[in-house]
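Written below as structure tokens is the structure these notes are about.
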Amino acid sequence: MRVRDELRMNVNQQPHMASPYGQPQPGYQGYPQPGYGGGHVPSGYPTQYAPYNGPGSGYQQGPPQGMRGPPTSGAPPVSGAQNYSQFGQGETQNGPPPMGAPPQRPPVSQTYTPGAVNMSGPQPPYGQQFGAPPVSMQQMTNQMASMQVGSTAPSPAGPGYAPPSVSQAAMSAPYTPAAPPTFPPTSTAPSQPPPTEAVAQAPPQSYYGAPPPAQQPFPNAAPPFSSTGPTQPQAPPPVSPQSFPQVSPVSQPPFSTAQVPPGPTQSYGGPLPPTQPSFPRPPLSTSQPSAFPAGPPPTSTPSQLPGVMQPQPPVSQPSPYHSGPPQISTGFPPQVGVPPRPPLAGMQGPPPMVSQGPLMASQGPPMASQGHPPMASQGPPMAQANHVPPTQPGMPPGPINASMSGPPPQPGMQGYPPQQNGAFGQVRGPQPGYTGPYPGQPNYGAPPAAPAPAPSAPKRLDPDSIPSPIQVIEDDKANKGSEPFTTGVRGQAPPLVTTKFQVRDQGNASPRYIRCTAYNVPCNSDMAKQSQVPLAAVIKPLAPLPADESPPYLVDHGESGPIRCNRCKAYMCPYMQFIEGGRRFQCGFCSCVTEVPPHYFQHLDHTGKRVDCYDRPELSMGSYEFMATVDYCKNNKFPQPPAYIFLIDVSYNAVKNGMVGIVCQELKTLLDYLPRENPDVESNIRVGFVTYNKVLHFYNVKASLAQPQMMVVSDVADMFVPLLDGFLVNVSESRVVIESLLDQIPEMFADTRETETVFGPVIQAGLEALKAADCAGKLFVFHSSLPIAEAPGKLKNREDKKLVGTDKEKSLFQPQVSFYNTLAKECVTQGCCVDLFLFPNQYVDVATLGVVPTSTGGSIYKYTYFQAPSDQERFLNDLRRDVQKQVGFDAVMRVRTSTGIRATDFFGSFYMSNTTDVELAGLDCDKTVTVEFRHDDKLSEETGALMQCAVLYTSCSGQRRLRIHNMAVNCCSQLADLYRNCETDTIINFFAKYAYRSVLSGPTKNVRDSLVNQCAQILACYRKNCASPSSAGQLILPECMKLLPVYLNCVLKSDVLQPGADVSLDDRAYLRQLVSSMDVAESHVFFYPRLLPLQKLDAESMSLPVAVRDSEERLSRGGVYLLENGLNFFLWVGVNAQQELLQNIFGTPAFSQIDPNMTSLPALDNPFSKRLREIIESVRAQRSRYMKLMVVKQEDKLELIFKHFLVEDKSNNGGASYVDFLCHMHKEIRQLLS
């Protein structure tokens, strides 16, 4: 025991653990992040994409010797062993490199010939000698098995934890190595079909080239880790979820073996005994049935085999291991009859795990857990490899090692989602036999048997052994994307935002309108404080719906107005209980009893429901609208139709960059598309025009004039509107005059020399015009520079990069003058919403100029260094969408809750004059308001918790309406129930908004630290109270929060909280304001961009290729990838991309002839080009901002910008890689628990 613990310590203390925020660890310099298991990188690609072999000499830029370019098809032929490129040709080193040197990774693709492995009993933690690589699959498996990174079978106590294995020696069972089989070039995929999409089926070139070796079943007992074919580039497992299941390419140990990071890593299994090799095994993905024989199925997760973890294929793919007899994925049938061979020398311990029986899969039907995303999603597709191989041929099946196996599966456990996946294998010390950072790859290239002892290097966590966002996303699509989501069940978590699904409203609001951080709310405040899980809802009141879902019904109760509770004023909804034969109703929020008005009376049926329940939306639906009566209107009179005023900067910069001409030309056609409720009737929104520089020019465009008239107001200190009649007009009536004006403006100011501008008076002018017309409306301001002219709201340049990182940094996010705060308040009172389009060439103080837009429910669009040829398309698409989208004016939102909780905090673009009412001069279909709730009393499990969001607004046709959204969630008295029903994407949306607001009041370092601390408390509380006991070296995560660390790290590394030297203060202020009103789908792709491997795109299919994880290790030099983050598209082209692919996309077969300045793809007449352009357009249609396309050629200067979005890697600004951050989180959690 003691030894194991010490080992664990070691592991946990590896130096390389340094704080994730620190500098790159040695050994990984230069590489943005820790490398991930060797196998992934496509191997044949030289240079950076080759698997990173470690610094220094060992890392050769060119292709490793012996390696070939990407195979064109099939696995590469097996060739002789190749040398590592790490050690020069010829000096193969068999053991881990000496400790002094940084660990190096073997290039992925080398073939490795296995030699015998000597797994003898416990070995010293580091430097042990290892024999040649294991020969047989089994051995490898065993080795793998011993790593527990995979999830282990949950112990009875809870899923996810396997009891610590007892020294899992089992692994070391005696096995004799069989001769190393070589892989045939083709993969035979025996039993396990490689996961379909994910696997490498892509064109060879990518690193999705040949299927990752691992996947290939090992035809005969190939050494498990052989690096499968010589040069096969291992494809990194595609991220796609499925890919996890696949076996990881052999070459890498499934879990990165070698690198298991220090302790923190997930243990997805029990601790590994030190002796074992350290392959962490891939955790199983929960979703798949578990394959391990021994352990109980994890509850909801896959069962974690104790020692072994095999990643199981995600549910979505047929899981190889599903029920049936186990398939041997390895390709070798277990042979039972053979007499056991003598153990290798030195190997002590129980027989190899392997014996465990046919792949454990056979274990029976997939566990319940299947339904969960595999935790492991993480594991590389190692799956097979890790699995415990069926027994090897020739080996008798050994007893299962008890210690390894963990408690017998217990049926009842299944329910534990939480941990399941969570346990991450702990980091084990180096394992024997694995040299190099990559465990699995031990000596590739070495001649088979020459064992050479070498000290082993500390291992790092293999990225494939930790939870993968892609796996979780794909599993959710497979499990929840096919059936409609019905909202009638209280406390049911919806599909993820990345899953396409249809909603049927049966009493709770659609997740398109409201998403909660937790659908099981703690019954009391003590439990909420203990867990630290934020209780919040992200509400998007006017969210657009897909064509197959009907918009909320409009209910008109006539002059009496909506039926409400007498006490709390909640509106009639499905939670009201009718009593006394239907004459009165009891409020579900405050329990007060109210009389039913005679006109609303209806009899009850035998269940106590009104007989007209399903005929009335307000009694049966979660979302609906009421027509508001005059009592809900300002000054008790119905509103006038709204107005749109366009205010255009005509200073020198704005004219010179082409903005003025573009805006005027576009408005001529755009004014025909103003929002309207009935598409057949013209919009009744009126329009007005102003131009400005140091003075303002108002235009009279009355229909009766032959030419527009201009009036100049030069007294900007006391702004007024010089004309009433003729300023706001109906488009159809004044079309000729308006078009004449729009033609003249660019000509009038073509030769201007005025460079100074004003800004405050511009908004005041629009506000005064709306006041004079007594209507609400929206101002569209097109502005280019810092307003330095003498006028109210004048600003000075205060950009000071020296303040970044200091206690004074917060001042840079605060407005420099209070003028705009006061102006914003006046705008909200009038219902004047401001949308700001910025075209800056230098600092314009977005933090100050953005105050009015963000306080009035408006939007800010920023086009830095605007150039008409490249930016015009993006600007015009944003403008068109902004003018045409559905919007409500003069809105007030209030959130009511049932007794026990209340709304205490709000985030978004709005103004609050009291503590309960969210006031929005404008509320469009993209805006969200995030509401945090706290307990003010106890809740009961029977009644649950209710919330009702009511938004009073004026529609674009001038009608006053109330939109109601209702949501009921469950209450729980057990922490395990809370952790079973949370939504990580919503939690991250809340944390990002909370953190981005906190930078206004404290240093960014403190903000980052408090986020890490809260996240660690959430996970430590789970570990302490819900997970079964297991060693401290294991990192255990709840199933539904297993992605919390990776997503939180993305928030911490974002430009607002941890800026690089090249990020301007304006960009940070812009992003801070942008995120404040993002919905969950937008924040998800913003923080964890989607990366699609186009070389795997099937032009004939309507489905997209499965995304890959955001890491440079996943990019193949032979591939082309499309990355989107909601604001930009990047098309990354690998140096060795296939000529056919380049010809189909760009119309040229040569990499050198691709124009990196293109912003749109050529419309070529081939199916691939058409499909790719369709995908880009369909993704743009889903986002609220038009995404400009940038082409990034590998090794080009733009690549630095692209790499900034590979968020699992270490970033230039000091942000940690996912692997390092996970280790850091584990350390924080252990400190809290100790």
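Backbone N, Cα and C atoms are what each Cβ position is placed from, and that goes for glycine too.
Pulled from TrEMBL:
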COMPBIAS  20-34  compositional bias 'Low complexity'
COMPBIAS  58-71  compositional bias 'Low complexity'
COMPBIAS  80-94  compositional bias 'Polar residues'
COMPBIAS  95-106  compositional bias 'Pro residues'
COMPBIAS  136-149  compositional bias 'Polar residues'
COMPBIAS  150-176  compositional bias 'Low complexity'
COMPBIAS  197-209  compositional bias 'Low complexity'
COMPBIAS  210-222  compositional bias 'Pro residues'
COMPBIAS  223-232  compositional bias 'Low complexity'
COMPBIAS  241-257  compositional bias 'Low complexity'
COMPBIAS  271-283  compositional bias 'Pro residues'
COMPBIAS  336-353  compositional bias 'Pro residues'
COMPBIAS  390-399  compositional bias 'Pro residues'
COMPBIAS  412-422  compositional bias 'Low complexity'
COMPBIAS  429-447  compositional bias 'Low complexity'
DOMAIN    562-600  domain 'Zinc finger Sec23/Sec24-type'
DOMAIN    639-883  domain 'Sec23/Sec24 trunk'
DOMAIN    888-971  domain 'Sec23/Sec24 beta-sandwich'
DOMAIN    1103-1176  domain 'Gelsolin-like'
REGION    1-468  region 'Disordered'
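Remote same-chain residues near the domain 'Zinc finger Sec23/Sec24-type' (562-600) are listed as 507, 555, 608-610, 618-622, 626, 628, 896-899, 943, 946, 948, 950, 962, 964, 966, 968 (criterion: CB distance under 8 Å, separation of at least six residues from the stretch ends). Break the domain 'Zinc finger Sec23/Sec24-type' (562-600) down by DSSP state and the numbers are 6 helix, 11 strand, 22 coil. Across the domain 'Zinc finger Sec23/Sec24-type' (562-600), mean pLDDT in this model comes to 95. Taking H, G and I as helix, E and B as strand and the rest as coil, DSSP gives the domain 'Sec23/Sec24 beta-sandwich' (888-971) the counts 0 helix, 54 strand, 30 coil. Look at the domain 'Gelsolin-like' (1103-1176): DSSP puts its residues at 24 helix, 12 strand, 38 coil.
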